[in-house]
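According to Swiss-Prot, the features are:
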- 435-477: domain 'EGF-like 4' (DOMAIN)
- N38: N-linked glycosylation site (CARBOHYD)
- N104: N-linked glycosylation site (CARBOHYD)
- N117: N-linked glycosylation site (CARBOHYD)
- N148: N-linked glycosylation site (CARBOHYD)
- N324: N-linked glycosylation site (CARBOHYD)
- N404: N-linked glycosylation site (CARBOHYD)
- N596: N-linked glycosylation site (CARBOHYD)
- N815: N-linked glycosylation site (CARBOHYD)
- N926: N-linked glycosylation site (CARBOHYD)
- 1067-1093: region 'Disordered' (REGION)
- 1108-1131: region 'Disordered' (REGION)
- 1177-1207: region 'Disordered' (REGION)
- 86-127: repeat 'LDL-receptor class B 1' (REPEAT)
- 128-169: repeat 'LDL-receptor class B 2' (REPEAT)
- 170-211: repeat 'LDL-receptor class B 3' (REPEAT)
- 212-258: repeat 'LDL-receptor class B 4' (REPEAT)
- 483-523: repeat 'LDL-receptor class B 5' (REPEAT)
- 524-566: repeat 'LDL-receptor class B 6' (REPEAT)
- 567-609: repeat 'LDL-receptor class B 7' (REPEAT)
- 610-653: repeat 'LDL-receptor class B 8' (REPEAT)
- 654-696: repeat 'LDL-receptor class B 9' (REPEAT)
- 1-22: signal peptide (SIGNAL)
- 1054-1207: topological domain 'Cytoplasmic' (TOPO_DOM)
Amino acid sequence: MLLTLIILLPVVSKFSFVSLSAPQHWSCPEGTLAGNGNSTCVGPAPFLIFSHGNSIFRIDTEGTNYEQLVVDAGVSVIMDFHYNEKRIYWVDLERQLLQRVFLNGSRQERVCNIEKNVSGMAINWINEEVIWSNQQEGIITVTDMKGNNSHILLSALKYPANVAVDPVERFIFWSSEVAGSLYRADLDGVGVKALLETSEKITAVSLDVLDKRLFWIQYNREGSNSLICSCDYDGGSVHISKHPTQHNLFAMSLFGDRIFYSTWKMKTIWIANKHTGKDMVRINLHSSFVPLGELKVVHPLAQPKAEDDTWEPEQKLCKLRKGNCSSTVCGQDLQSHLCMCAEGYALSRDRKYCEDVNECAFWNHGCTLGCKNTPGSYYCTCPVGFVLLPDGKRCHQLVSCPRNVSECSHDCVLTSEGPLCFCPEGSVLERDGKTCSGCSSPDNGGCSQLCVPLSPVSWECDCFPGYDLQLDEKSCAASGPQPFLLFANSQDIRHMHFDGTDYGTLLSQQMGMVYALDHDPVENKIYFAHTALKWIERANMDGSQRERLIEEGVDVPEGLAVDWIGRRFYWTDRGKSLIGRSDLNGKRSKIITKENISQPRGIAVHPMAKRLFWTDTGINPRIESSSLQGLGRLVIASSDLIWPSGITIDFLTDKLYWCDAKQSVIEMANLDGSKRRRLTQNDVGHPFAVAVFEDYVWFSDWAMPSVMRVNKRTGKDRVRLQGSMLKPSSLVVVHPLAKPGADPCLYQNGGCEHICKKRLGTAWCSCREGFMKASDGKTCLALDGHQLLAGGEVDLKNQVTPLDILSKTRVSEDNITESQHMLVAEIMVSDQDDCAPVGCSMYARCISEGEDATCQCLKGFAGDGKLCSDIDECEMGVPVCPPASSKCINTEGGYVCRCSEGYQGDGIHCLDIDECQLGEHSCGENASCTNTEGGYTCMCAGRLSEPGLICPDSTPPPHLREDDHHYSVRNSDSECPLSHDGYCLHDGVCMYIEALDKYACNCVVGYIGERCQYRDLKWWELRHAGHGQQQKVIVVAVCVVVLVMLLLLSLWGAHYYRTQKLLSKNPKNPYEESSRDVRSRRPADTEDGMSSCPQPWFVVIKEHQDLKNGGQPVAGEDGQAADGSMQPTSWRQEPQLCGMGTEQGCWIPVSSDKGSCPQVMERSFHMPSYGTQTLEGGVEKPHSLLSANPLWQQRALDPPHQMELTQ
């Protein structure tokens, strides 16, 4: 009995309820388990095959590996699959053919011709038969897998439409679409039984072979409403559920707890819980006008083997992995049950062994120069200087092609047939004749992890420990619990499986704005940082036990990384331009990097390499690395970056991945920055954060709020997961292998009661001798003597089994879901959907109803759906924040409550802090502290209180409120508090302005801005703008000066014009008339007067001798006169006698004889004049303009001197 119990417990445990700590997985085939109490199968993941138009496609349940298997399958396709054969069978109604193809799309072939009016088909995978129904003829026909031995199984039926088979129970089911009935019969064609009848229409039938239930789609006669119904194999326990798709259902298939179905109008595949219709996921395929057709889920558990296998042990030799016959090289004949050897092997004489055939020894290999035998095969070889041609048989001498000829990925050889591409050893040429594939080629032989060479032309794929090779024999999937995503959604934290299932909210209350998030696999806790509340928290994976770790010195934390081995966490603060570190409990926090860092955002830690990696989105964007202490900094990338945001590490390959939000690119490189390349660009929206696991890179998109993934090597196979998201930020993959090296047994013994052992990152519990493991896989039950003597029976009446947990939890889950908004994830294989032309706001969700789509603003936003604005809940008075002890902070799409100064709590429940008892006051030694609500008061000791009195040796802190003999304190710091440490950037000094109740920064030279955030280019741009204003002023001033000069020139021109006009009237002397006027006013003047000179002219007054008797001196040599006096040696113009009309000047005679001129002897100076008159006594008399000058008068009375005035 004890043995039976031990065997049954794992079987029962597979029905346990799925939670975050025990994610859901498919049941295990043939009882093979892997892992601990939350075990899952070691086997392939399920995938879907479906008909669409005249083609057959396949796609994973996660939306990946979407490919076309059959191109021309026919217009109307009815299909099923045979898992053991790895084949798809379908009926082409147009050509009346039964055809088949392998699951990978290869070797399409015809099976047999088939009659018209086939309405349904199913595969009997145990008896190796194909069964189909003919609605017009009212018959069901059966044939073998090769199309032979066809015969009618059932006849005289009422319009048999859909067919389903359970060969394990040996039942065949079909529906009558016209009559609305369901029937059952044995596979032998006997025992026909009507299960139920309905007045409505039945369109599709499918079986749940594990739970032994029949499912069908039921329509009302108007076709306006569709339901999914089920019953047991006897027609009892009928269950009806309405799936909220608002579309008519067409085809369906079941697997595990999920139901997959398609609709008529929508080009989508829906996934939902088969019991409740909830946990819905929609796979949105490429836009098409043709609806989806048949739909099947492919997995070995969908076609289980019969349990009553009665073969003898000697007839099962081919099933053994060890022994007489290896399962890797032999199969089993269905008739004789004896071993059959694979190609390249021959059966041994005792017919129990498969022996290798040496093809090289029989000379039937076809190699031209060399042959080498391998187990089950062989390959051709070539000597040095020769290369193996693409046919794998012939060798050719190596003659390289010209460079302009070769387009080969490896190298090219010239042959008589022309240039041919060839590949290195370990690779082969692809079908395009240019690309190489293999372990020695860049594609790694198509293997997602390990490529193992078997020969120079063959290889096989393998996986790292903890990963399983999938059905395609190339990709690897992590074993153990099903991985899922955690992501910060700005105002909450959500979780979701890779296929969109289990989509829900983990934390939503008092979140504010959360961009930073990470997971600790050892204690199974999440760490996250608030940018609105400005602190860092942690909580359990179920959202309980929230703890504040860092509350002081945090401003804008946008990146966070947990060192799960070193037991620390690191964060980036973009507001304070630093990187901090702390123990996981929040103790011993310190700043490790602050110098030469501008705006750090994303951060990742590599515990094995002991390195930190982060992105900097500042003026000089770059990717940097340092030791865990902040030393040994290294720039990974600095070119071609604009706004590098998220960063992550692939620990399997030691590759670094990051995203650039402004360039919309995903890039990768080695840990040292080498071999950098772009993985994808232009189709990733606005990526914010990035994560990597298995074969895919995940990243969050703000442009179309969603989570996306692409292949981590090629950048292809893009899939989008969306569903009522706001701003998905940090991404974390939760799985034991996502962070290798973690030891869950270090924390609380891994949850095990007795013994804990680490197995691939998970805790494996076992019990000591005398105990047995309970159903939870962690606790141990004592086996006392009474139990052993009684046969080891254990009373499980009071034990809570997983089935009890399932039922109770589902009831509570249903109650919660009814009161909350149900999140529905959508897998977008293509961005072309019905919502694309609507243009919804990024803060709205699209609701598709048939061919119409509308936009609805998300919670916390208001608008018409195309334009949604944030609702200020604080202004509207919606929040529940207690006004006396907390304040409301509005955030994007929500709000948070934060306790006021003097209080502590979660923002909604705030308690007063006793500053006096804690010593957090500044009353001084001569004052006593009294705690008050939200603050404290200081009272002077030993003296009477007076208004305005301050205690001696005590300085009142800021924000004091004087009230007679005491003052009340709200904030005892005179400078900026610790919460604003680092508020001012680039060495700026923080100041608190009490009058304005605001903080300000005193910036150093070269930095400006509210927080001294502008420098270098930004600062110079502002300065350049100021210089530009100055230059504008200078330009205006110059223009004014030019205008003034032009005005002066115009005046001068006018004056010049007037002078020329006077000259034209009196060309000899224009000033003669004025001279006459002067002479008429001077009667003492001589009658003849003086000969006037035109203006300008010279008035020359020099020292001279009085030449009596009219005698003229004779000039001597070297400018001396006849009397020895000096004569001028240079003149502007030769002196001329007066009266000759010269325009440059004239000589003025001053002798007793008329017309004679004085003798010039010495210095001269220029001065304007308008005429002269002769004075008596031999001295010139100046013009009235000159005589008015006292200096001139003095000089005029001095006989020995004369003056020369020149213009």
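Placed from the backbone N, Cα and C atoms, the Cβ positions cover glycine too.
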>> If I take every residue in the repeat 'LDL-receptor class B 4' (212-258) and average their pLDDT values, what number comes out?
In response: 82
> Does N104 (N-linked glycosylation site) have same-chain partners at least 6 apart in sequence with Cβ under 8 Å from its own Cβ, and which are they?
Replying inline: L69, K86, D472
> So among the glycosylation sites N117, N148, N596, N926, who's got the most Cβ atoms within 10 Å?
Replying inline: N926
> Counting Cβ pairs under 8 Å that sit 6 or more residues apart, are there three or more between the repeat 'LDL-receptor class B 5' (483-523) and the repeat 'LDL-receptor class B 9' (654-696)?
Replying inline: yes
>> Can you give me the Cα-Cα distance between N926 (N-linked glycosylation site) and N596 (N-linked glycosylation site) in Å, rounded to a whole number?
In response: 46
> Cα-Cα separation of N148 (N-linked glycosylation site) and N117 (N-linked glycosylation site), in Å?
Replying inline: 20
> So which residues does the repeat 'LDL-receptor class B 1' (86-127) touch in its own chain, when a touch means Cβ under 8 Å and the partner is 6 or more beyond its ends?
Replying inline: 49, 51, 56, 58, 67-70, 73-80, 133-137, 142-143, 145-148, 150, 160-165, 167-168, 172, 174, 177, 187, 205, 294, 298, 303, 305-306, 471-472
> About how far apart, in whole Å, are the alpha carbons (Cα) of N117 (N-linked glycosylation site) and N596 (N-linked glycosylation site)?
Replying inline: 77
> Which three-state DSSP class does N104 (N-linked glycosylation site) fall into?
Replying inline: coil
